[in-house]
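Q: First the structure, which I've put down as structure tokens, then a few questions once you've had a look.
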């Protein structure tokens, strides 16, 4: 094992503080991939195809009551009720933006995470969290200011998709656009929770569950290089890189992880990923949040073009979304336009991401949730006070 991989393993272990459950507790079937569920049924002396049936009930029909699973015999249903449960995070608060975006505070133990549904004309994207809080301390991100609490379990990750699907109507004809895309861009750094994120994404891709195509599941990372190297051997999904700076000096300042894995190391790892991935037509999405007079100058655009000159990519420019006590300002439209045009002159595809849900703090970089605040800041500044408590579906 390489020194970098060993370092990554220790980092993942350091953040692996998910809630420990007593052995006597029931098995949450949402923690299992289909293969793991088939193994469970084999241990029970049942045919493995029962796992396929159960997966369909849970994820195709949104069913969490064994009694309603009509093609599973009563004896097996009773056996399942004794040892297993189907349990997703519940919604404690819901907020709806004027642009159709919905943000949910979902309860995970005694804490909350945030999940965002973003409908568009041709798709509907669900932004999913992977951790309670975040350990990476990026200076422009609200989540990072709260510190890190713990990793989410598989059921807490895939359960966000399940719960959102129940609410917006994936399991029935409601006139609301169903979820077509899932992005691991919510709270947390997904590559520091690989042991739970990869199985959750496997369920998203599984035809017996959500059956999403590889290009419709996107993992976004700030650049935990050894973990990205591990992931490329495990699963193929679309990749997005939170770059946000065109040189190491600036990236060190705004994204401390760069001091450990610099831009060259990160881009080398990205190229290796693209060599084996066909999830997004051999391209990576580069995310770049624009901070006024920090990283949005013409010289920064030229530097970014140099960094990306040999990388098949699409560039998403993200207008920065303010949060309390943040040390930055939002770039003017003229600076955004100039930055975009400079990159386009090099031949890059450059999109300025439309800000969605900023009136409910659901926009990029604004998610914080009700976590145990390691920085001792109160969460009363959040806008969830304007939300409504909801009955769980």
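A Cβ is built for glycine as well, from the same backbone N, Cα and C atoms used for every other residue.
When I checked Swiss-Prot for this same protein, it listed these features:
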- 114: active site, proton acceptor (ACT_SITE)
- 127-364: disulfide bond (DISULFID)
- 134, 138, 141: [4Fe-4S] cluster binding site (BINDING)
- 364: active site, S-methylcysteine intermediate (ACT_SITE)
Q: Filter the recorded positions 127, 134, 138, 141 down to those whose C-alpha lies within 10 angstroms of the C-alpha of residue 114 (active site, proton acceptor); answer none if the list is empty.
A: 127
Q: Could you work out which of the recorded positions (127, 134, 138, 141) has its C-beta surrounded by the smallest number of other C-beta atoms within 10 A?
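A: Candidates: the recorded positions 127, 134, 138, 141. Fewest Cβ atoms within 10 Å: 138.
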Q: Measuring Cα to Cα, how many Å separate residue 141 ([4Fe-4S] cluster binding site) from residue 127 (disulfide bond)?
A: 15
Q: At the Cα level, what's the spacing in Å between residue 134 ([4Fe-4S] cluster binding site) and residue 127 (disulfide bond), rounded?
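A: Here the two Cα atoms lie 16 Å apart.
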Q: How long is the line from the C-alpha of residue 127 (disulfide bond) to the C-alpha of residue 138 ([4Fe-4S] cluster binding site), rounded to the nearest angstrom?
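A: So the alpha carbons of residue 127 (disulfide bond) and residue 138 ([4Fe-4S] cluster binding site) sit roughly 19 Å from each other.
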Q: If H, G and I count as helix, E and B as strand, and all else as coil, what does DSSP give for the residue listed as 'active site, proton acceptor'?
A: strand
